[in-house]
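Below is one structure, written out as structure tokens; comments come after it.
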Amino acid sequence: MTPANIPVVVIVVLAVTAVVLGGGGKSVTLTLERASHEGAELSQLRDRDLIRHGRILQQRPPGVVDLPVEGTYDPFLVGLYFTRVQLGTPPKEFYVQIDTGSDVLWVSCNSCNGCPKSSGLKIQLEFFDPSSSSTASLISCSDQRCALGAESSDSSCSNQNQCGYKFQYGDGSGASGYYVSDLMSFNTIVGDSSTSNSSAPVVFGCSTSQTGDLTKSDRAVDGIFGFGQQGLSVISQLFSQGVAPNAFSHCLKGDNGGGGILVLGQIVEPNIVYTPLVPSQPHYNINLQSISVNGQKLSIDPSVFATSTNRGTIIDSGTTLAYLAEEAYDPFVAAITQAVSPSVRPLLSKGNNCYLTTSSISGVFPSVSLNFAGGASMILKPEDYLLQQNSIGGAAVWCIGFQKIQGSGLTIFGDLVLKDKIVVYDLAGQQIGWADYDCSLSVNVSTTTSTGKTEFFNAGEIDNSSSPCDHYNLVPTALLAFLLHVLFFGVFTFL
């Protein structure tokens, strides 16, 4: 997604997982959900993604903020991930879209012009009222945090010396309002497995106007939770206060079982490979160097993927499909078509490159390798680049989920590629890592203790019938943590 701000479209979601920390570590919990809209076609997914791309725009040791995923992943449900956050005193809960392509957390405010009052996602929409929170304060134009807002939006100042913002979407829709500082509340789990209520002050947007698709109620949520790197992102704010590490990770389960994991913290797993982030970029740009199909490197000029004005390769969990730069798309499709089994019949369906087959795709389609700087490769199985569109006479129609953006040099990898993988955004180390993983399993998360020692803790599971802020089932981790400690340090020396 992007700093301009995307219309909110949504999907269903999902099974639950929690992070449990031992020793001096702490864990914080929110709930990540996914709403659903059935019957969307590939062209609709592509159009909505293109709109999104118009925006691709203390002293205590940090804890780990855990956002368990619920629901089912299915690209044809046109899903965007969202979570619940609690803001203000007393805390009030808001549903906000998870967006790695923008920076600011904002929610709809009272007396909002154009903000929907109901949602087709069967969630109760709320409106933030600063006057109803005893801890809320407005951000003035002279506040240095107002200057941080200029990094992420068209900032403005009113006659009342009030710091405002305006986010504009690629389709012409947008949101505007003013910045507020207030408490974000969450549960913390301490080393003895007891839980306590915690909070931290954050600056977020209070939207008083929404336009375009944001006014539609069919896929409305309360706001957007930006996961970017700029100073006003919640990631940056919590890290600067020592509340959370300067990293976040996700693992999205791709099959019909759904579920997954999203944590503000660094998931550790022996098979994770890392590639550097391109410095001084507003988005999560990485250096894609080549693409291989069945082990054969495609004849694509590496400069096609290089980061420059209107070019580059971006990781965006807010994008449903995947997009290749125009010069890379045709060689990619040609290589897939040439490599498929003779039993597979290529065809065009509604302008998409598709294939008709009665066999399992894992046996008749090639593997794809995305090769990045630093020697890191992401291996894609057929289900990571194909989508089943429909069936004809008992044969399934599978279409290439990678799309071409005419006239654009951007390459964007969305959920189609990122699912069934741990993906780590290590902002402190300025790198992104990944590894294939069964996202229904628990994960291990690293944290730094008060002595400066790095420890690894196992993620337990939350009872699905309870609130995400309720009880946790703790998992014994001493032996596992020790073994992982040895394995990880053996791996990290090469990174």
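The backbone N, Cα and C atoms fix where each Cβ goes, glycine too.
Caution: TrEMBL annotation is automatic and unverified by curators.
What TrEMBL says about this one:
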- ASP99: active site (ACT_SITE)
- ASP316: active site (ACT_SITE)
- 81-435: domain 'Peptidase A1' (DOMAIN)
- 1-22: signal peptide (SIGNAL)
- 474-494: transmembrane segment (TRANSMEM)
Legend entry - ASP99, ASP316 as active-site residues, winner by CB count within 10 A: ASP99
Inset, instruction - Kindly state the mean pLDDT of the domain 'Peptidase A1' (81-435) in the predicted structure. - result: 89
Inset, instruction - Taking only the Cα atoms, work out how far ASP316 (active site) lies from ASP99 (active site), in Å, as a whole number. - result: 8
